[in-house]
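Colleague: Quick one: the structure is below, questions incoming.
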Amino acid sequence: MAATGGGAEDESRSGRSSSEGECAVAPEPLAEAGGLFSFADLGAALGSGAGLPGRAVGRAQSPLRYLQVLWQQDVEPRDELRCKIPAGRLRRAARPHRRLGPTGKEVHALKRLRDSANANDIETVQQLLEDGADPCAADDKGRTALHFASCNGNDQIVQLLLDHGADPNQQDGLGNTPLHLAACTNHVPVITTLLRGGARVDALDRAGRTPLHLAKSKLNILQEGHSQCLEAVRLEVKQIIHMLREYLERLGRHEQRERLDDLCTRLQMTSTKEQVDEVTDLLASFTSLSLQMQSMEKR
């Protein structure tokens with residue numbers, strides 16, 4: 001009877017029922033300053049199976065019970081222990097598990113990002129990036145949103161992707177970087193943006209070509225073509241000159257850059273197709289010489 005009475009008295013004193021289970025038990029206050037929790041004491045208690053030190057006789061709690069209460073999340077009174085894990089720490093801890101594989105929603109968002117970049121839809125691209133879409137995610141051919149934007153010549157989307165961590169040197173399945181695609185299509189503003197964003201000017205595609213090789217190929221096409229009008233040819237030659245100027249500026253070849261400036265001035269003074277062709281020939285020779293110099297420097 002005494003034991004029964006003592007148990008009832010303990011229940012009334014603690015304000016709980018024994019049927020509630022230990023999950024609802026709040027930790028009892030420490031008896032004195034010397035009873036503060038320490039991992040050394042906890043380790044000793046776990047090894048011996050004894051209660052935690054620093055408590056009055058008859059009130060020792062098991063280590064497992066103490067740990068259960070330590071991480072209890074529904075503690076409300078101010079004098080009870082509060083050991084909730086910060087939300088930021090939980091997100092960081094869950095990140096590796098989330099990276100194990102994208103969800104269907106994430107896969108759809110990444111496809112929308114590439115499709116929007118290909119469609120020049122800058123508003124959707126910006127919204128998806130702000131929602132956390134990975135700008136480096138590629139399709140089954142290795143193409144990223146930056147590849148599509150660079151090929152289309154959309155400088156604004158290119159800059160937006162770079163600002164959100166897109167890799168300017170990421171290669172697609174054929175070995176092309178965004179800079180290769182921009183050089184092939186002569187999108188000068190995109191080339192400038194990619195160079196400033198850290199694109200490597202010496203990056204090779206699978207065929208071993210640099211953006212300089214692609215520029216020369218474009219010049220060869222212009223030299224062989226006869227159907228384009230004067231203004232169209234002049235515009236393309238001007239774009240190639242601007243692209244090569246950025247290329248040489250990145251390499252620090254200031255003397256060669258001055259020669260390009262002279263060619264650009266001469267191009268602006270042309271008034272006939274023959275004069276434009278002459279500048280094109282000079283530019284092609286200049287490009288070939290630059291390639292030879294680059295090859296000699298690598299030896």
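Note that Cβ sites are derived from N, Cα and C of the backbone, with glycine treated the same way.
Taken from Swiss-Prot, the feature region 'Disordered' covers 1-27. Marked as N-acetylalanine by Swiss-Prot: ALA2. Among the features that Swiss-Prot reports, phosphoserine is placed at SER62, with the record citing similarity to another entry. Residues or ranges marked as motif 'Nuclear localization signal (NLS)' in Swiss-Prot: 98-116. The repeat 'ANK 1' annotation in Swiss-Prot covers 108-137. The region 'LYN-binding' annotation in Swiss-Prot covers 140-240. Positions annotated as repeat 'ANK 2' by Swiss-Prot: 141-170. Annotation comment: Swiss-Prot describes 174-203 as repeat 'ANK 3'. Taken from Swiss-Prot, the feature repeat 'ANK 4' applies to 207-239. As annotated by Swiss-Prot, motif 'Nuclear export signal (NES)' applies to 282-292, with the evidence given as similarity to another entry.
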Colleague: If you average pLDDT over the motif 'Nuclear export signal (NES)' (282-292), what do you get?
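Modeller: Its mean pLDDT is 83.
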Colleague: Would you list the DSSP helix, strand and coil counts for the residues of the region 'LYN-binding' (140-240)?
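Modeller: Here the numbers are 58 helix, 0 strand, 43 coil.
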